[in-house]
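Visitor: Handing you a structure now.
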Amino acid sequence: MTRIELKGVWKLSKNCAIIVAAGKGSRMGFDINKVFIEIGEKPIIQYSLECFESHPDIDEIVLVAKLNEIEKFQHIIKSNNMKKVKKIVVGGNTRRESVVNALSVIKDSDVVVIHDGARPFISHDLISKGIKYANKYGACTCGVTPKDTIKVKDKLNFIKESLNRDFLISVQTPQSFKYKLIWEGHNHKIDENINITDDTSLMEYLGHNVFVYNGEYTNIKITTKEDLIFAEEFVKKFNNVKNSLT
């Protein structure tokens with residue numbers, strides 16, 4: 001729980017994490033769910049699970065999984081003595097359906113922190129800020145300024161314009177919300193032609209402001225084989241630094 005001040009009154013905020021891990025590794029050319037791929041002798045999903053498990057302000061974790069992979073997740077959870085993973089729910093046909101399935105089993109939480117299981121290098125700081133700004137603004141996400149120049153092209157592949165990076169954000173997770181706001185949002189009828197790519201897109205569509213705070217460039221999503229190479233090197237260097245301090 002988190003102790004927060006709202007309008008001069010101090011209260012405890014109960015915080016629940018949803019980790020979405022029901023995806024595939026198709027873009028990487030693997031037949032298995034990419035969150036089970038090992039980096040640094042641990043499956044990708046274990047990194048984010050451990051980060052939320054060890055965060056003092058996270059009260060419970062709901063994991064979203066494919067039905068035929070639940071036993072694999074249970075093995076990881078039990079063998080690492082994780083106590084905060086209270087429920088594993090089956091994912092839906094879309095990410096939005098998966099999040100709804102997780103939200104439906106959460107009781108009495110003030111803030112929900114939603115994270116992609118394929119982002120192993122989440123930090124306590126990103127989680128803490130997500131909880132803080134969700135309590136303050138209702139909806140928030142972390143993100144980083146793109147390093148490359150971003151341009152818009154036309155249908156014939158000619159550049160139309162260059163965009164100002166000062167106003168561009170590469171959105172990451174976690175994305176954090178007051179529970180009531182995100183629950184009501186997901187239960188709102190949405191035009192099927194509207195492309196809802198993440199939970200902040202839903203908030204935008206419904207007219208809610210979403211606060212953006214600084215993410216971390218290391219908080220990558222493992223999507224390609226190149227991402228996997230970077231992740232392996234990052235873990236090696238992190239372990240080398242840690243070993244040099246002990």
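FYI, residue positions are counted from 1 along the chain as it appears here.
Backbone N, Cα and C atoms are what each Cβ position is placed from, and that goes for glycine too.
Swiss-Prot lists ARG27, LYS34 with the feature site 'Transition state stabilizer'. Here Swiss-Prot flags ARG165, LYS221 as site 'Positions MEP for the nucleophilic attack', drawing on sequence analysis.
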Visitor: Fewest other Cβ atoms within 10 Å: which of the recorded sites LYS34, ARG165 wins that one? Let me know.
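Guide: Comparing Cβ neighbour counts within 10 Å for the recorded sites LYS34, ARG165 gives ARG165.
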Visitor: Can you give me the Cα-Cα distance between LYS34 (site 'Transition state stabilizer') and LYS221 (site 'Positions MEP for the nucleophilic attack') in Å, rounded to a whole number?
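Guide: The separation of the Cα atoms works out to 11 Å.
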Visitor: How many neighbouring Cβ atoms, not counting its own, are there within 10 Å of the Cβ of LYS221 (site 'Positions MEP for the nucleophilic attack')?
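Guide: A count of 15.
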Visitor: To the nearest whole angstrom, state the Cα distance for the pair LYS221 (site 'Positions MEP for the nucleophilic attack') and ARG165 (site 'Positions MEP for the nucleophilic attack').
Guide: 21
Visitor: I want to verify one value. Collapsing DSSP to three states, which class is ARG165 (site 'Positions MEP for the nucleophilic attack')?
Guide: helix
